[in-house]
Amino acid sequence: VYVWDMDETLILLKSLLNGTYAEAHGSSKDVEKGKEIGKMWEKLILDLCDDYFHYEQIENFNEPFLDSLSKFDDGRDLSDYNFDQDGLDDANKRKLAYRLRAAGYMYEKGLRNIFNQDLTEKWDHLYQMTDEYTDGWLSSARSFLDQINILVTSGSLIPSLAKCLLFRLDGLIVYSSWEVGKVQCFEWIKERFPNVEFCVIGDGWEECEAAEAMRWPFVQIDLRPHRFPGLTLRTLGFYFSIVY
């Protein structure tokens, strides 16, 4: 089971917005073009969160994974449920569970069943433009996801689900370590998949330390020299063989 960090590993956004991706490649990349691409992604992510995931209502109620409040969900039909007038508050876990279930439904549905033709074309164009600008980073990362993959992000859950959809990482199981930390997320993952081998892939110290705490191999992704494209399943196999 591969356990992935999201930001600056599977996808690039912050390094586009602040220019560090372009700077890591010297004069071969246009810094301003990278920043403009990042701003377009940022707007698309925010619009998706607000328009389809009720994010304005729940941005202060982050949960570590979609099923974390399932015990409070009574299974009510939500097809005609009015999320704007149900009076969500801090104490009502059932109403929050409804929103997580609705978010999970949208996540499973996929953007091609949500977006109209204009939005789909805009999204496709932005993805291709980003992939070209980053020398195939997005498509190369996507090619690794045929195995069992889990994503653990330090960002909040709902925007992370939106990013997964937009960056074509559909189907990943997502955990948010925003409040609980990555070690806790890794422990949940180990409980969910007993008696298997794990490999952590990321760009930061937090997932590295969490991997060490679990005694799992860790593969670092960095911009200089960048690992996508170039990292292969064969290379990951070497990390497995050292630990297991």
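Backbone N, Cα and C atoms are what each Cβ position is placed from, and that goes for glycine too.
Residues annotated as active site, nucleophile in TrEMBL: D5. Within 10 Å of the C-beta of D5 (active site, nucleophile) there are 24 other C-beta atoms, taking all protein chains into account.
Among the features that TrEMBL reports, Mg(2+) binding site is placed at D5, D7, D203. The Cβ of D203 (Mg(2+) binding site) has D5, D7, E8, T9, Q220, I221, D222 as same-chain neighbours under 8 Å, each 6 or more residues away in sequence.
What TrEMBL lists as active site, proton donor is D7.
For the recorded Mg(2+) site, residues D5, D7, D203 set the reference point as the centre of their Cβ atoms, and the other residues of that chain within 8 Å of it by Cβ are M6, E8, T9, L10, T153, S154, G202, G204, E207, I221.
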